[in-house]
């Protein structure tokens, strides 16, 4: 056990500055025996910490490791189980009860005794020792001494530390005297008893000398006693004098106490006066409103600039007086209550005056602005509201004051402003749009056709008339199959570039007039009503808004329901004021669409640009939202225009008595593409046009083939060839990047049908010759050798010469001339493909000629049979026929 104890001290406790005092080998009760050690330790540094440490042998080696430690102060009970019989079991009560079985009862008793001693020495809280014999507790000091390892500091072992505390170290002089004395007695080391006897004799001699000296000094002691008696008498006299002095000073002390108390009261009074003066100065400085300010609030002129400035300064001063942070107790003063009531009355009075004045200004603005409507109605411009905004902005600070002091009146003014201005803007905007409609339709006579009429400089129009127009236009179509537009729309061929440019300029001017109007009004609302434009994220109107105008509802107390942000409130006000813009724009768009469905292209580009501009400024603004909604309508009209063209392609019927030529919808696609490319140049919504192109070109391809299949007068190949040539030429000229694949497809279809038409037509001029050589090729295909074909009865040399004689040069030229005339009848003039087709026929005829000659040379070798015309003759025939026509 000693070896283990030394090993634990060296390996575990010495590195942690701890000293091991006791150790017991234990295992847990009732479980599989796994031995460990409980160690009682103290730290070597102060303050001393006493711990019980559980040490366990490592599974991986022969070294020990520290597993858990408990502070001794956390130990509540030590239960030895049995105070009479020897029992190795014991319990330690920490935060929970730990049951242990020691390897021997002696080790258990030694460990418990060490715990008891450490508890007595270091802990204020005493541990309860249960079932420990009194005899063991009496022997504890001895046991504790034995438990401490030899050679270590034994101050913890009990009573030895008291002995150590009584021992005093010799000083240098005492050490020197002892050395001198021991030098005089050299035998002191060898004979300690003789040395002790000598010292005893010398001590007795010294005691006798001391007694004689004391007896000799008795006389001096008597003299000293007499001196002491005299000194006592003098002290008594001094005490008497001090008593008389004290009586004399007693009255002075009472007077000084009175003076001191009086000075304290004076100082306290002065302090109170200073504090009172400070409070009064605070109230006077912060709650005193100048008479000039009071007069301005009661009678100030709210119409002049000076009066507005004076009222603004007075309102600010009043607000500062009302918002002053009173100190504790001020609100209980009668004067303060009266002053606060006075301020409240002034605030109510001025707020009422300000609200009434601004309401009058709003009403007056409506009357003044109405007088300029007639002038602006003639021109396509909107009245300028800048002077009105400039005049009202002088009241911006007063509106801010009203917002912070009386929100109910502020809200009432906001509602009145929206009511008055919405009616004013509605008149201006409606008249403005009527002028735009008249300018779009041209003369009054034309305007009546679209449901518009004017009188006395006032222009009126109705949505119902446009709706009737829509029904009428959709119910009547053009009689010609080539038309792609409704009867209500003017034919695209009748509208020249100038008319469409005029419409584009008018629509752009409408948007250009509306945009600054809305932005100026929104900026004014933000400044005048003190609403921040950059405070919130985009949102929609809340449920707490009125259905008629979007204004916030109120509780019964008059306090407004909170809106999501001031930005939302600006949008709500703009929606109420300009509620007529969106329907008027939709009516104008409907009119433009009825005039010419291609106008939707202009409107889509212009509207997209203005929406993009508005969203860059503020994506959640009223202008951005409104134009975005209208853009949806424009895009819907554009899609409808494309769908109508595709539908009308499918409805096209061709005449059975005349040649087809270039189909109407092919020409219309060319017109649409050319117009669209000029309109959408550098436009933001190019993607919409590309999608429309894809739909249209697919419709054109499908319906060209459909019409070609139905054609009776014109061959199918001619219809396909001419129309796909026209489509290819259009796409090549316009260079539309998204239709590159369709351009290649159109070229391929044109080439294929040109070749098909040429081959089909060339079978007719040399019909018998063609049939003869087809028979020859059939025999070769059946397995007859080429040189043996001439032995066939139907294809011998005589039959060949007979067929060739039927086609002399004159007959060939005549056949080619008839072919040229027939081709000329099939082809249309506008596409100008006659020379191209004739040249292809010439090349094909020469290829057939060479093919026939090759067959003669292979199948009739050495016969000397040749055609009665040469390739040069064919070239001359074709050239002369083309020149003659």
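Using N, Cα and C of the backbone, Cβ positions are placed for all residues, glycine too.
What TrEMBL says about a protein is an automatic prediction, not a curated fact.
Range with TrEMBL annotation coiled coil, chosen from 116-164, 165-213, 214-262, 263-311, is 214-262.
Taking TrEMBL as the reference, the stretch among 492-515, 516-539, 540-563 described by the feature region 'Disordered' is residues 540-563. Note on TrEMBL: of 406-446, 447-487, 570-610, 611-651, the range annotated with the feature region 'Disordered' is 447-487. The residues of the domain 'Exocyst complex component Sec3 PIP2-binding N-terminal' (31-122), classed with DSSP into helix (H, G, I), strand (E, B) and coil, number 21 helix, 38 strand, 33 coil.
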